[in-house]
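A.B. asks: Encoded as structure tokens, here's the structure I'll be asking about.
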């Protein structure tokens, strides 16, 4: 069992990583006998894990209600969020309740925002079931729903009480979802840790076949890196923005193509290559390193070009709504070398459009 702490003073919390955690009531600390829980999951995951998690909590004396939501990025919306509020109010659940997010990034983000909002804030626990949510979205307290004009535009910074990563969940993960998660894994190596990037080049095949020790190390290292960044910059005033490598371009793809048509990691993968191309055009990143990135993403089964349905010009309206924009000026996360990156303002639209054009599907 691996345990990492996100250090945020009174709001510090553990990330527990191991196989078989759904069998252990102690995995779900700080829950205790007599506590009230609303377990939030989706239609795909409910048949796989709902009864198991409910059972282990009830054996510990926890009172469990549940709400099952539709599955997909397109349901990460205010309308579906209201479904959670209605379920909480009908019981009713008070300020002493705990929301448990059992799912991937959509469930985690939406449930976290529900917890931040319901009665001005209740406790919640992240139980991520996808690789993407285990290495990234469950850690750090970013919660949100989407708006038709932009991804994650309505939300709050709100930290969980704990994160429970059961590696056994990956056994039921579709190959496309596994690849999507690997985009965020690869991102960490590019922005923060050259040695980890090299390790990924050497061990990607083991990750693709869900080798237990390799996957445990991979998730632990990503969570360590994320925890360090969040502890230093919880509200994304500086360092934490580096975690958005590829996301300014990727969010544009998701919004333009319709949420769910491109998985988040797929859009981020294409966006990472666009960011690398932009950095190349600015003379601060080598084409050889871009090729290393492309090769690793392709081996993971990820796209390295944007959708053919989008022109370069289609990206800009979405990118200009990005949360990093200041005074109407684009600010991009750009790689400087493998393991090193920066947030840069003043990147011209010409450079951005050229980088996108370099990555358009034929």
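Backbone N, Cα and C define each Cβ position, glycine as well.
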A.B. asks: Quick check on the annotation: Swiss-Prot has 247, 264 binding Zn(2+), so which of 184, 201, 329, 342 does it put in that site too?
C.D. replies: 184
A.B. asks: Among the binding-site residues listed here (184, 247, 264), which has the Cα closest to the Cα of residue 71 (NAD(+) binding site)?
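C.D. replies: Result: the closest of the binding-site residues to residue 71 (NAD(+) binding site) is 264.
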A.B. asks: Can you give me the residues near the recorded Zn(2+) site, meaning same chain, not 184, 247, 264 themselves, Cβ no more than 8 Å from the center of the site's Cβ atoms?
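C.D. replies: Neighbours within 8 Å of the Cβ centroid, excluding 184, 247, 264: 132, 136, 137, 183, 187, 246, 250, 265, 267, 268.
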A.B. asks: In angstrom units, rounded to an integer, how far apart are the Cα atoms of residue 74 (NAD(+) binding site) and residue 264 (Zn(2+) binding site)?
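C.D. replies: Given the Cα positions, residue 74 (NAD(+) binding site) is 12 Å from residue 264 (Zn(2+) binding site).
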A.B. asks: Of the binding-site residues 184, 247, 264, which one sits closest to residue 105 (NAD(+) binding site) when you measure Cα to Cα?
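C.D. replies: When the Cα distances are compared, 264 comes out closest.
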A.B. asks: Find, for the listed binding-site residues 105, 108, the residue with the lowest Cβ contact count at a 10 Å cut-off, counting only other Cβ atoms.
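C.D. replies: Relative to the other binding-site residues in 105, 108, 105 has the fewest Cβ atoms within 10 Å.
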